[in-house]
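Right, one structure below, let's go through it.
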Amino acid sequence: MSTETMTRAEAAPATLPVGHYGYDAVDRAFLRERIEQFRDQVNRRISGELTEEEFKPLRLMNGLYLQLHAYMLRVAVPYGTLDSRQVRALARIAREFDKGYGHFTTRQNIQFNWIRLEDTVAALEVLAEADMHAIQTSGNCIRNVTSDEFAGAAKDELLDPRVHAEILRQWSTLHPEFTFLPRKFKFAISGSPHDRVVARFHDVGLIARPGPHGRPVFEVFVGGGLGRTPIVGVSLRDDLPEEDLIAYVEAVLRVYNEFGRRDNIYKARIKILVQALGADEFRRRVEEEFVAMDRARYRLEPAIVEAIKARFGTPDFAPESNAADVLAQDRSRDAAFDAWVRTNTHEHKVPGYISVVVSLKPAGGIPGDATAEQLDLLADLAEEFSFGELRVTHLQNVVLGHVRQDQLHTVWQRLSQAGLGTANVNFITDIVACPGLDYCALANARSIPIAQKLSSRFADLELQREVGEMRINISGCINACGHHHAAHLGILGVDKRGEEAFQITLGGSGEKDASIGQILGPAMSEDDTVNAVARLIDFYLVRRENGERFLDTYRRVGTAAFKDVVYAPA
Amino acid sequence: MPLLENGRLVEDTWHYAIEGEPLGNGDVIVPPERLSEGLGRTAGRLGVALPNGEPASSLKAALPKLSLVVVTFPIFRDGRAFSQARALREHLHFTGQIRAAGHVLPDQYEFLIRCGVNTVEVAENADLSVWTRNLKQFDVAMQPSPVLDEKPTGFALRRLLNRAG
Ligand code: HEM
Ligand code: SF4
């Protein structure tokens with residue numbers, strides 16, 4: 001007991017970072033030990049003691065991929081929350097070890113695509129100085145836990161899921177039993193009834209809500225996923241008490257580790273196991289394990305949760321009483337600002353505050369890319385206007401969570417000056433795209449150029465407003481890193497007799513009404529695909545009824561009519 | 001094959017049964033098919049090599065008479081042996097030796113121990129200093145071991161790794 005109190009008191013820094021867990025001396029020592037281990041592994045690889053086959057999973061567990069032209073380093077952003085100091089460290093890595101930019105991913109991580117093997121230890125040291133790492137951002141282990149980009153800010157939120165995301169992060173870090181799983185394993189957690197984390201498309205998706213005695217309960221979805229076999233996850237438990245959270249996910253992973261297929265990497269994800277056994281049999285095996293295990297060992301006591309929570313900084317909200325009036329005046333004076341506020345903000349739980357989505361999708365740009373200068377600016381803005389906190393979204397944008405409404409106009413001006421003021425969030429040019437054949441060794445086609453063409457084609461803001469909410473996602477191959485299945489309009493790169501070609505899928509959704517997009521017809525060239533998208537949009541504009549989104553019209557009118565638009569001879 | 005325990009080389013008194021030959025009297029490790037033959041002996045201790053895909057519970061009946069179970073890594077990436085070892089300790093309360101064999105990396109040493117393995121067969125030419133280093137790499141773990149009673153340290157789920165050797 002006394003060590004516990006002491007460690008906590010000793011380690012408490014002057015100020016804790018808002019929105020994420022603040023490291024203490026033990027966490028920092030752990031990271032240093034991990035870097036030493038990796039340094040040793042790199043040396044053993046260079047000396048030939050480790051074969052490339054043996055080195056590969058070890059480097060992957062430190063986020064290091066070998067891509068087409070260079071190594072790629074994927075840095076973990078636990079539950080998508082960063083502080084200004086960390087964003088500056090990322091800018092430094094972009095500048096010193098990459099070509100001046102980084103690429104935000106749909107897993108709330110950031111990737112650097114041009115890293116040299118001999119620089120990786122140095123890059124990890126820069127990260128460690130800012131309490132960051134690349135642990136378990138790839139490999140067949142438990143990956144970065146993703147969470148809601150409006151966590152702790154959204155008006156519709158029931159509880160901030162990031163404390164439990166942090167608990168899962170710590171629990172899964174170098175887990176002795178689950179570091180050599182059949183395949184990678186991804187958690188997502190939300191505390192809002194509006195699923196903004198795509199929980200049903202994860203290996204385990206958790207939706208938290210308040211339960212009895214002031215402690216949360218969780219709905220547990222298992223076996224969802226995209227990739228080449230898109231599957232919507234099944235609900236395993238509706239009412240998992242907090243104290244059993246760790247025990248229960250241990251049980252799920254035990255069943256997966258024992259029974260998941262290892263003979264075929266395309267059939268190794270937990271979704272395949274859940275489908276093969278059936279939801280009931282899978283649930284039965286999990287329950288059997290759960291009942292048999294020593295649950296006291298894994299009991300997540302309220303005191304543990306509270307101790308972790310105590311290491312999260314909380315924003316000290318001090319709204320100006322006239323903030324809303326100032327914002328209203330600014331909007332009425334400045335039409336461009338007003339348009340941006342309409343698309344790029346989200347309602348905050350505290351009156352006088354607002355959350356801002358900064359679009360990383362300028363007209364004709366590369367989705368998710370940010371330059372070192374832009375990262376530095378975002379760090380400054382976060383520091384000046386949002387309690388030093390910045391979030392990454394699964395749609396490759398970033399969020400300033402807590403901006404005072406009377407300061408919003410200034411924030412917008414500063415963003416606009418740096419090319420970050422695009423007013424297109426959730427519009428047709430808010431495109432998600434994977435790295436594709438420009439970087440990725442597995443790709444069939446380039447995702448980035450077609451994203452840029454579509455972005456230019458629909459750049460006109462009037463047109464975008466007219467089209468309304470519209471989600472386009474692009475993947476360069478069936479691995480679906482761009483989540484094309486979960487898009488209203490998905491684009492999938494395929495290989496058509498040695499040529500790059502694209503298939504269109506329609507009707508997907510990653511939200512509460514989760515559904516998997518259906519392939520419309522044969523693949524087309526890049527330009528034909530861009531033209532086909534334009535025709536589909538025209539058709540929707542003609543056929544839509546009172547306020548329908550593209551997705552709604554598609555669901556009502558049906559595939560055949562949309563298919564004719566693309567494939568029927570004129 | 002050199003045998004490691006707590007990061008040190010130890011003498012291996014066990015031998016694997018040879019196919020088609022009698023088991024003899026020493027400490028012998030048999031495949032599950034020869035379990036009853038092994039149990040029928042009057043001298044020497046008995047161990048079983050648990051095949052990779054078999055659940056630990058398949059040994060339940062014989063376990064009280066076994067002094068050793070071998071869990072095998074066909075390749076180091078196949079992590080099922082971690083779960084087998086853990087289940088032997090946690091669910092079947094096996095207190096004998098659990099030995100890891102096959103393709104294991106020194107980078108997995110700590111994981112093995114924390115899942116209940118106590119000895120590891122390493123390659124003839126293995127650099128033992130790498131194994132020892134890996135055993136001492138970390139001072140804390142971020143979660144409780146499923147089988148060892150490590151001391152909590154600080155707060156959260158952290159456990160103190162107190163390594164001898
Ligand atoms: C360029 C290097 C990359 C490589 C080599 C790569 C490799 C893969 C592979 C092989 C799969 C299929 C795994 C399976 O379904 O079993 C996959 C799926 C996935 N990857 Fe990537 N990926 C890369 C980049 C990315 C990026 C940039 C993102 C985020 C934008 C990402 C996020 C995902 C997601 C979300 C899935 C899919 C589905 C799921 O989890 O069910 N990956 N990736
Ligand atoms: S979807 Fe395919 S092309 Fe795109 S990043 Fe993933 S593996 Fe590479």
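From the backbone N, Cα and C atoms, a Cβ is placed for every residue, glycine too.
What TrEMBL records for this protein:
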- A:71-130: domain 'Nitrite/Sulfite reductase ferredoxin-like' (DOMAIN)
- A:138-290: domain 'Nitrite/sulphite reductase 4Fe-4S' (DOMAIN)
- A:366-416: domain 'Nitrite/Sulfite reductase ferredoxin-like' (DOMAIN)
- A:427-566: domain 'Nitrite/sulphite reductase 4Fe-4S' (DOMAIN)
Tally the residues of the domain 'Nitrite/Sulfite reductase ferredoxin-like' (A:71-130) by DSSP class, grouping H, G and I as helix, E and B as strand, and everything else as coil.
30 helix, 18 strand, 12 coil
Please count the residues of the domain 'Nitrite/Sulfite reductase ferredoxin-like' (A:366-416) that DSSP assigns to helix (H, G, I), strand (E, B) and coil.
26 helix, 14 strand, 11 coil
Residue counts for the domain 'Nitrite/sulphite reductase 4Fe-4S' (A:427-566) under DSSP, helix then strand then coil, are 57 helix, 27 strand, 56 coil
